[in-house]
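Notes for the one structure printed next.
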Amino acid sequence: MKILVLNAGSSSQKSCLYEIQSEPSSQPPSPLWEGKVDWTHEQGYAEIEVKTSTGACLQEKIAADSRPIVISHLLATLWQGDTQVIDQPNEIAVVGHRVVHGGAEYRKSVFITAEVKAAIARLASFAPVHNPANLEGIEAVETLFGNIPQVAVFDTAFHAHLPLAAAIYPGPYEWYEQGIRRYGFHGISHRYCAERAAQLLDRDLSSLRLITCHLGNGCSLAAIQNGISIETTMGFTPMEGLMMGSRSGSIDPGILIHLLRHQGYSADKLDQVLNKQSGLLGVSGISADLRRIDQAIAAGNDRAKLALEIYIHRLQSAIGACLPHLGGLDALIFTAGVGENSATVRAATCAGFEYLNWQIDQDQNQPSAQDRDIATPDSAVRILVIHTQEDWAIAQDCWQLIQTNSQS
């Protein structure tokens with residue numbers, strides 16, 4: 001069975017094609033085909049990159065007049081040109097989409113219907129950057145592939161069973177009745193990493209108490225017990241929680257009232273500042289990219305040093321806040337761009353917990369230390385670095401839904 005996965009963002013579109021012969025393996029396979037569109041490098045143009053498992057590559061820049069047309073152009077390289085891996089589109093059995101916000105009603109992956117599309121559009125007010133991009137991908141597939149089955153895999157679904165004490169904000173109860181509650185995000189990544197941790201540790205997932213740290217441009221933690229998310233740092237939107245690349249994370253809401261009343265801020269300006277001009281970028285004045293922050297620190301830049309210190313401080317605080325809900329910890333997991341590649345962040349974070357005997361093996365804590373345990377043998381918890389593979393998790397959900405549907 002060939003499964004196409006689309007992972008749409010506001011500025012990029014990533015896709016890959018998997019082939020699953022039987023039950024999906026525990027080890028993620030290499031995709032037959034991988035494609036990416038990036039709209040950020042030059043205004044009015046999209047950069048397309050494609051590679052296949054046989055080594056064929058394509059790089060091109062095209063006019064970006066219509067995002068759906070660009071997505072269709074990318075997907076057509078599956079059966080056209082040097083990167084062709086299938087003869088015709090109908091060889092693909094199902095298309096899976098990462099959908100950022102599924103609200104309270106979508107607690108698991110579902111086949112996409114008109115009703116599901118309407119819900120994704122309605123929930124765009126909760127995720128205005130991502131849900132519209134997810135819909136673009138869905139509609140591009142409809143245009144290109146016709147009535148092929150499509151599956152929505154929701155980033156919020158893994159957190160759908162948060163205890164009410166963790167899900168409800170301490171405002172008027174009417175907020176909760178209106179859907180204003182904590183949803184959590186990065187759920188596909190948190191779930192994948194929890195399952196992969198159980199494999200690496202040779203333990204049953206239901207026996208593990210885990211904290212997963214998804215640290216990329218967006219950052220969130222999840223406390224996982226019995227394979228279920230019981231606490232997470234993102235909330236109603238992906239702005240809550242940890243300091244991020246360009247997002248502030250949690251701040252005193254009184255600051256926002258002050259800015260609205262006394263600094264002439266509009267809601268749109270607040271949105272721009274909190275989402276695009278804060279976090280590592282806002283404090284350092286340099287970049288949202290931790291690699292550039294590290295370079296500036298090495299050059300003696302004090303604001304870059306302060307930005308990293310705040311980042312670590314808030315990360316340590318969030319990890320500490322998760323511990324009482326788990327009643328202990330079996331493994332701490334680092335994943336995503338920063339989590340997987342920054343040995344500095346991992347070491348600095350765990351240094352705050354040395355009094356609990358969380359010990360990193362410095363020889364194992366290398367930048368490319370993926371899918372391995374980097375804790376010392378006598379550490380009280382295992383410290384894992386896992387390469388998150390959201391696309392493979394989406395493909396697995398598609399396979400499972402197709403199998404279930406065929407048996408019903």
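Every residue gets a Cβ built from N, Cα and C, even glycine.
For Asp155 (active site, proton donor/acceptor), the same-chain residues that are 6 or more apart in sequence and have a Cβ closer than 8 Å to its Cβ are Arg98, Val99, Val100, His101, Gly102, Phe185, His186, Gly187, Ile188. Feature annotation from Swiss-Prot assigns active site, proton donor/acceptor to Asp155; the stated evidence is sequence analysis.
The Mg(2+) binding site annotation in Swiss-Prot covers Asn7, Glu390. Glu390 (Mg(2+) binding site) counts 23 other C-beta atoms within 10 Å of its own C-beta, drawing on all protein chains shown.
Sequence-distant contacts of Glu340 (ATP binding site), defined by Cβ-Cβ distance under 8 angstroms and a gap of at least six in the same chain, are Phe334, Gln370, Val385, Ile386, His387, Thr388. Classification of Glu340 (ATP binding site) by DSSP places it within a helix. Annotation source Swiss-Prot lists ATP binding site at Lys14, His214, Leu215, Gly216, Asn217, Gly218, Asp289, Leu290, Arg291, Gly337, Val338, Gly339, Glu340, Asn341.
The secondary structure of Arg98 (substrate binding site), as reduced to three states from DSSP, is extended strand. Feature annotation from Swiss-Prot assigns substrate binding site to Arg98.
The Cβ neighbour count for His186 (site 'Transition state stabilizer'), using a 10 Å radius and every protein chain shown, is 30. Swiss-Prot lists His186 (among others) with the feature site 'Transition state stabilizer', giving sequence analysis as the kind of evidence.
Under the heading site 'Transition state stabilizer', Swiss-Prot lists Arg247 (among others). The Cβ neighbour count for Arg247 (site 'Transition state stabilizer'), using a 10 Å radius over every protein chain in view, is 26.
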Excluding its own, the Cβ atoms lying within 10 Å of the Cβ of Arg291 (ATP binding site) add up to 12
The most crowded of the binding-site residues Lys14, Arg98, judged by neighbouring Cβ atoms within 10 Å of its own Cβ, is Arg98
In terms of Cα spacing, which of the recorded positions Asn7, Arg247, Glu390 are within 10 angstroms of Lys14 (ATP binding site)? Asn7
Extent of the ATP binding site in Å [max Cα distance among Lys14, His214, Leu215, Gly216, Asn217, Gly218, Asp289, Leu290, Arg291, Gly337, Val338, Gly339, Glu340, Asn341]: 22
When a 10 Å sphere is centred on the Cβ of Leu215 (ATP binding site), how many other Cβ atoms does it contain? 27
What whole-number Å value do you get for the CA-CA distance of Val338 (ATP binding site) and Glu390 (Mg(2+) binding site)? 16
Taking each of the binding-site residues Asn7, Asn217, Val338 in turn and counting other Cβ atoms within 10 Å of its Cβ, which one has the fewest? Asn217
